[in-house]
Amino acid sequence: MDFLIEYGMFLAKALTIIISIGLVLSMVVSTSQKTNRGDDNGEIEILPLNIDFEKTKNKLRIATVEESEKKIERKKIKKESKNKNALNLKSKRRVYVVNFEGNIAASAVDNLREEITAILSVADKKDEIIVKLESSGGMVHSYGLASSQLDRIKKAKLKLTICVDKVAASGGYMMACVGDKIIAAPFAIVGSIGVVAQMPNFNKLLKKHDIDFELLTAGEHKRTLTLFGKNTDKGRE
């Protein structure tokens with residue numbers, strides 16, 4: 001009888017441990033699935049730049065006056081702030097600033113797409129979008145997609161300004177050209193670097209030795225320049 005009681009206690013303990021482990025594992029799996037599901041679009045961080053600039057300016061104004069005048073200066077700032085808020089409510093013209101830092105694959109295009117989609121959902125015709133662009137270029141198809149995202153702004157009839165501090169070359173320049181205006185720093189690199197290609201051609205040598213050369217392609221532009229065939233001006237273009 002004692003054996004059965006002890007055996008029953010053992011089974012109860014073992015079952016309790018198994019159930020506890022199962023609950024822990026199920027909680028871990030559930031948490032992992034929620035994390036993986038998440039929000040695929042992520043979050044867009046929105047910063048009111050004008051407020052940040054205003055705070056910095058006001059701090060500087062207060063810091064540069066005498067201690068006895070600080071209270072008066074604070075009152076002036078408060079009054080000016082009220083007047084500006086009233087003017088802002090009347091004008092309601094907004095400027096949206098977007099950052100784009102491009103690598104070879106233009107990986108930031110996914111974020112750019114989401115940001116532009118969000119802006120276009122609320123922007124008005126009198127609003128403006130500024131893109132702070134920095135890219136040395138990369139894959140044609142990737143930067144073609146990035147440029148097409150900027151073109152959405154133009155199609156929505158919104159003003160688009162591209163600002164370049166350091167470099168907007170090749171694919172980056174292709175993006176910049178979509179804008180209504182490009183504003184670049186004095187020493188910024190802006191433009192298409194281009195491609196240089198050189199190759200020998202043995203066509204005359206083959207003809208001299210009475211050697212024929214045939215090139216078969218699936219289409220007209222599959223091979224425009226060859227090492228052994230005759231290259232034409234059209235092919236070089």
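For all residues, glycine too, the Cβ spot is worked out from N, Cα and C.
Feature annotation from TrEMBL assigns domain 'Peptidase S49 N-terminal proteobacteria' to 2-150. Confidence over the domain 'Peptidase S49 N-terminal proteobacteria' (2-150), given as mean pLDDT on the 0 to 100 scale, stands at 81.
Note: the domain 'Peptidase S49' (154-237) comprises 18 helix, 16 strand, 50 coil (DSSP; helix = H, G, I, strand = E, B). Summarising the annotation, TrEMBL assigns domain 'Peptidase S49' to 154-237.
Residues or ranges marked as transmembrane segment by TrEMBL: 7-29.
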